[in-house]
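Now, the feature entries from Swiss-Prot:
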BINDING   Thr11, Thr12, Ser13, Thr262, Gly305, Gln309, Gly407  ATP binding site
BINDING   Thr11, Arg15, Thr262, Gly305, Gly407  ADP binding site
BINDING   Thr11, Arg81, Glu82, Tyr133, Asp240  sn-glycerol 3-phosphate binding site
BINDING   Arg81, Glu82, Tyr133, Asp240, Gln241  glycerol binding site
Amino acid sequence: MTFILAIDQGTTSSRAILFDGEMRRVATAQREFTQHFPEAGWVEHDAEEIWQTTVEVCREVIAGQGIGPEQIAGIGITNQRETTVVWDKAGGAPVHRAIVWQDRRTAAICERLRHAGCEDDFTAQTGLLLDPYFSGTKVKWILDTVPGARDRAAAGELLFGTIDSFLIWRLTGGRVHASDATNAARTLMFDIHQGEWSKDICELLDVPMSMLPEVRDCAADFGTTDLFGGQVPILGVAGDQQAATIGQACFQPGMMKSTYGTGCFALLNTGTQPVASQNRLLTTIAYQLDGQRTYALEGSIFIAGAAVQWLRDGLGIIENAAQSGALAARADPAQNVILVPAFTGLGAPYWKPDCRGAMFGLTRNSGPAEFCKAALESVAYQTRDLWEAMQGDWGADADVILRVDGGMSASDWAMQGLADRLGAPVDRPVMQETTALGAAWLAGMRAGVYPDQAGFAATWALDARFTPKMVEGDREAAYRRWKAAVAAAMMV
């Protein structure tokens, strides 16, 4: 029997998922790792711990199924995007902890570049905005801050990579320094129109181009690893949100998916032509196959599932995320408590890194149920913000059905609330492991085990469709209250 091994390296855990030749999940292993918060607004990971947990989960699923390396046709990697690692080319040791996508320490660098009139240049080439979210200013910070790092980088002694690139380097024993187009497109240094690193942008950031990985298709040869008992090829790579877009089979222009994990990330396929957003969305690469780039509009929300984690860990009003829907359903419908969950700033379409969370509409009767309802509704309202922006950029032909995945999509209450606040149907697929499936399909398709795009799209199956039940007048009044709350939070 033939298998595909998917590595899903996320923000809070490393996972390995083994798929069989029919794209069925047969085994999963997961290890959480430590989150480091050395200062307010800073988030770091130990890249060595990421590496160790990744190897451990891979070995666990392989051993658990009792299979040999010759039965694994390929490895597909998907990863948290933007998170930045700089490591020693000779020994492979990181020179600093990985700076996570959520980290806001480079806000001042972004502001200086913005004041210098550089943002239009960045956006024109990369499709991105000047924000600490992206990798470029994180690399600059490491080179400027770690003693000797800038000189070593100039001498060609240091390498940069997002998590995929670091894992590929380690898996191949340092033989391959490469990334894929979707991860490169999130660095703030990649020209998404030319499909190459931008010399001009790298000069603005003072990042030597010798540090940068080679950029390849999402389904390509990324070398082989011998860490699992024999030679196994690495054949697929995509950033987590792009992998979910692939896993949701959003291959046609106008199709849209939204993934609900720690944050929420919505992508709308725009086909082979990039669409420049007029609503402060991101223009990015959805996937690149056979040298052909397919583009997307993306909206990034920093806090989605993390709001539910706050209910559990910060307020202690639930013991686990699965309880959130039932508690929210008990909220007083006469109350209009609104949470603006700007715990790490606001993402699209506002891009306010200094904004902080706020709650509005509290009364003496507001309690755990109302707080829980407000947290879940905040995710729906933020998705509505992205929905409106994407409709504005793409036009009337945008798909009126949203495909959803991620942990929060398992909640019927939350998904019904999402449909109500969007005023549009929400589709949840049978296969919820869309991110891992996307990575597995890339590797399996490259290996000749899995079908082509059309064949893969035909396997997508609906679990549940949530249709709007909210009266339109009530929906629009509630959305106006949300917009007013966001405006107030940004003024504090």
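If you go along the chain as it appears here, the first residue is 1 and each next one adds 1.
Including glycine, each Cβ sits where the backbone N, Cα and C put it.
Sequence features annotated in Swiss-Prot and their locations in the structure.
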residue : record                               : Cβ within 10 Å
Thr12   : ATP binding site                     : 16
Ser13   : ATP binding site                     : 14
Arg15   : ADP binding site                     : 23
Arg81   : sn-glycerol 3-phosphate binding site : 27
Tyr133  : sn-glycerol 3-phosphate binding site : 28
Gln241  : glycerol binding site                : 29
Thr262  : ATP binding site                     : 21
Gly305  : ATP binding site                     : 20
Gln309  : ATP binding site                     : 16
Gly407  : ATP binding site                     : 16
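DSSP assigns Arg81 (sn-glycerol 3-phosphate binding site) to coil, not to a helix or a strand. Cα-Cα distance from Tyr133 (sn-glycerol 3-phosphate binding site) to Gln309 (ATP binding site): 21 Å (rounded to the nearest whole number). Summary of the glycerol site environment: with the site residues Arg81, Glu82, Tyr133, Asp240, Gln241 set aside, the chain residues having Cβ atoms within 8 Å of the Cβ mean position are Gln80, Thr83, Trp101, Arg186, Gly239, Phe265, Ser300. Counting only the Cα atoms, the space from Thr12 (ATP binding site) to Gln241 (glycerol binding site) is about 15 angstrom. Only Arg81, from the binding-site residues Arg81, Glu82, Gln241, place their Cα within 10 Å of the Cα belonging to Thr11 (ATP binding site). Listed in chain order, the residues near the sn-glycerol 3-phosphate site other than Thr11, Arg81, Glu82, Tyr133, Asp240 are Gln80, Thr83, Val100, Trp101, Arg186, Gly239, Gln241, each with its Cβ within 8 Å of the site Cβ centroid. For the pair formed by Arg15 (ADP binding site) and Gly407 (ATP binding site), distance between Cα atoms is given as 14 Å, rounded to the nearest Å.
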